[in-house]
Amino acid sequence: MKPTVWHHLRLCPHGHPDETIDDAAIAVDETGTIVWLGAMSALPHGYAHWQREDLHGAWVTPGLVDCHTHLVYGGTRADEFAQRLAGVSYEEIARQGGGIVSTVRATRAADETTLFVQAAARLQPLLAEGVTAIEIKSGYGLDLASERKMLRVARQLGERFPVTVYTTFLGAHALPPEYAGRADAYIDEVCDRMLPALADEGLVDAVDVFCERIGFSLAQTERVFEAATRRGLPVKLHAEQLSNAGGTALAARYRALSADHLEFLDEAGIEAMKAAGTVAVLLPGAYYFIRETQLPPIELLRKHGVPIALATDHNPGTSPLESLLLTLNMGCTLFRMTVPEVLQGVTRHAAAALGRADRHGALEVGRQADFAAWSVGSLAELAYWIGRPLCEQVVRGGTTVFRRMNG
């Protein structure tokens, strides 16, 4: 690529709408690295002859980060949606053999090509909304071959689409049918066979567990965390979504990157998160879709200064959501978060939830030029509009990878 000065733009370099530069420019060298940014009037003379790209007054933010997804799976769970509308709870469906286990059956039956094609279709709407980094979990295979298949597909998505993919091994997502009544034996399999094999193949960036009364106990979760720690892998946790099981405090003891969901999180757990530097990842899509009523403790998270991220939690059972912008709106309308909070929740705090705050979530000299250009009058519109296409252009590594076609 040619060294380029992107200009005629309004810059929000750190995802905070109160920290902006009008009539700004970004200079990107031939490696796709930002070498200068600031007011156009202060552009150094050394960049005067570089190629120019006019963004026509668009707002520019860091590329968005979707830090919690289950994008790779087989089938749908539309039938369970009808059950929930009839009053059957998520927990009841799971106990009847539906829920996660029904997706496990469909995922095991699908080959890699089928899973890739289906996941690619789910990924593309996110890319068109300015997402340049995404986390993708396994957890719908629940045996070594199927978990490997899922993680391989996630890696392939990162190789074939203009997005950085971070993989999370979620083998401890649910108890597979063949281990019914033998949860400890399944955790043996996760810790002693699945995780070592997948880590040795370079398929795992982090490790997650579903710690809940319909998932895995604190003791079982800790065993997985110990196995991950021995491998030098960071951990994260699905915690306190349906009850307060104390998982967040355990996650904090292992300095987890994030604890996610958190509707039933208490102040002691929040204090532990703050001390450990663990990010709170809130998932309003799941809250909305399964009609939860227990709100995450936003005020307590604010009080203790715990960074809050937002994510789609895209999955077939509780959040079939393919819009990070709608997630922003939900964060504001359902959780009463502010516009600065939700914007930072999908930029720098989301990057921190992946342990990648040094690479994503901000536009600074020395970083890769990953950014999105928005056709809005104010950044509040990113959380305001519902369903309107707002992203005009996405740049990754200094190269345009998406441009909205008008007319």
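We count from 1, first residue shown onward.
Here the Cβ of each residue, glycine as well, is placed from N, Cα and C on the backbone.
Here Swiss-Prot flags H68, H70, H238, D313 as Zn(2+) binding site, drawing on sequence analysis. Within its own chain, D313 (Zn(2+) binding site) has H68, T69, H70, D260, L283, G285, A286, S319, L321 as residues 6 or more apart in sequence whose C-beta sits under 8 angstroms from its own.
The Fe(3+) binding site annotation in Swiss-Prot covers H68, H70, H238, D313. A coil conformation is recorded for H68 (Zn(2+) binding site) in the three-state DSSP classification, outside any helix or strand.
Secondary structure from DSSP puts T318 (4-imidazolone-5-propanoate binding site) in coil. Marked as 4-imidazolone-5-propanoate binding site by Swiss-Prot on the basis of sequence analysis: R77, Y140, H173, Q241, T318.
Residues or ranges marked as N-formimidoyl-L-glutamate binding site in Swiss-Prot: Y140, N315, G317.
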Candidate binding-site residues R77, Y140, H173, H238, pick with smallest Cα gap to G317 (N-formimidoyl-L-glutamate binding site): R77
Between N315 (N-formimidoyl-L-glutamate binding site) and Y140 (4-imidazolone-5-propanoate binding site): CA-CA distance (Å): 10
Three-state secondary structure, H173 (4-imidazolone-5-propanoate binding site) (per DSSP): coil
Those residues of the chain, 6+ apart, with a Cβ under 8 Å from that of N315 (N-formimidoyl-L-glutamate binding site): T69, H70, Y73, A286
